[in-house]
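Asks: Below is one structure. I have some questions about it.
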Amino acid sequence: MEMTTGKVLTTGGHATLGVLVGLQVLDSVDGVMLVVFAPEISRSLGIDTDAMGVLGAMAVVMVALAAVPLGLLGDRHRRTTIAGLATLAWAAAAGMLGVVQNFWQAVVVRIVAGVGKANEGPIQSSLLVDAYPSAGRGRVLGLHRGGQPLGIIIGPLLAAAFAVLIPEENEPWRWAFAFLAVPALLLGLSALRLPEPQRGHVTTTPRGAFAQLRDIRTFVLAALALGAFGMAVTTVPIYLNVLLEEQLGQDAADRGLIMSVCALGGLAGAALSGWLSDRLFKLSPKGCLYLAAAALTLLGIGFAVQAHAPDVATYVVVGVITQGMTFAGVVPLSLVVAAVTPREIRATAFALMGVCTAAIGGLGGALLTGLAKVLWGEQTAVTVVAPAGSVLAGLVLVASARHVLGDIARLVR
């Protein structure tokens, strides 16, 4: 008999999921507001667009750099404490961004924010898979991931509210980030009080943990697939925004609205893929890998279609689908990673998955897409790089399916 979602949440506790979903939403709102307020921040700090791009990238870079150290800490210490302290650091950074006076102060603040945000992958994901029954992990992970598109929907609306309520001479962006620090502070304090799920005691060194993960073939192939996936999902959306402005004539406000509407697809994709992943995993874990492979493949193809969209309506419809495919790929893959990795090193495993996506895929995608742009222009660059990365990710995941049952069996023994 299938375990209902209500039973799953009751078993693991509503508070744990509620707090961690809230953190995911705030993380996403923070990133979106930085994009929406970018022109105002640039004028206020006296910096150009390139410097603003560096400022925006600081948190992303630090998430990649801090993920593995936090993962190693998470496997050895109380994860709820790490999540709470990291969130409190991020809350302080959000508040401080509201009072910075120059570029370098803003850089330091965003570095701290990135370190705080880095707990999402290794700490929060491992907490969730340990706290809730395996029969409902897909739905729990789907609800958690759904916080990201929800934040993308809320972020522009919150920014618009502050822009309307606060006079321009009082710099609304400063008030918006100061406000964001309040719920972050409350959620950080709440995270400190969450129960820590039981798990095995770590007896291996960090080098030993990496060696263990290297021997899990499904994990290695999933990490490689996420590296290829990162090529499509980290840099390509930036080029799509350029095309949205240059070819379809959409200004910053219009692009923000389009981003929010497309995020509705991500919200639906996260929820539905969580429900479907639990059913597929019960039948065979291979089904989750095939679902992830299909979704990630369609994602890159969808990006290519968006690059050639003849009008805004087509762009938005395809964008809703591509956002849904993003989460339809990540959620079942996370379920498989949890199933093939030992509980005592699971935080490190999730950290490495994030590093592969952000560092390997992100940097590789930036280089490849940049080179393709120089050779062929933005539109052709997206048309080539996005499908290539996503199809490669899909093929690697299909290849990993032949190892997953054996890896799970070895873990059970």
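In case you wondered, yes, glycine gets a Cβ from its N, Cα and C as well.
Below are the features listed in TrEMBL for this protein:
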- 15-39: transmembrane segment (TRANSMEM)
- 16-405: domain 'Major facilitator superfamily (MFS) profile' (DOMAIN)
- 51-74: transmembrane segment (TRANSMEM)
- 80-100: transmembrane segment (TRANSMEM)
- 149-167: transmembrane segment (TRANSMEM)
- 173-192: transmembrane segment (TRANSMEM)
- 219-244: transmembrane segment (TRANSMEM)
- 256-276: transmembrane segment (TRANSMEM)
- 288-309: transmembrane segment (TRANSMEM)
- 315-338: transmembrane segment (TRANSMEM)
- 350-372: transmembrane segment (TRANSMEM)
- 384-405: transmembrane segment (TRANSMEM)
Asks: Which one, 15-39, 149-167, 350-372, has the most C-beta pairs under 8 Å toward the transmembrane segment (219-244)?
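Replies: Out of the listed stretches, 350-372 contacts the transmembrane segment (219-244) most.
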Asks: So which of 173-192, 256-276, 288-309, 315-338 has the most C-beta pairs under 8 Å when paired with the transmembrane segment (384-405)?
Replies: 288-309
Asks: Are there residues at least six beyond either end of the transmembrane segment (15-39) with Cβ under 8 Å to its Cβ atoms? List them, or say none.
Replies: 9, 52, 55-56, 59, 83, 87, 90, 94, 113, 117, 120, 124, 127-128, 131-132, 140, 143-152, 154-156, 158-159, 172-173, 176-177, 180, 183-184, 187, 190-191, 194-195, 252, 256, 259
Asks: State the non-local partners of the transmembrane segment (173-192) in its own chain: residues 6+ outside its ends, Cβ under 8 Å from one of its Cβ atoms.
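Replies: Beyond its ends, the transmembrane segment (173-192) has Cβ neighbours at 15, 19-20, 22-23, 26, 29-30, 33, 37, 40-41, 44, 80-81, 83-88, 90-92, 94-95, 97-99, 158-159, 162, 166.
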Asks: Can you name the far-off residues of the same chain, 6+ from the ends of the transmembrane segment (149-167), with a Cβ under 8 Å from a Cβ of it?
Replies: 24-33, 36-37, 173, 175-176, 179, 256-257, 259-260, 263-267, 270, 323, 327
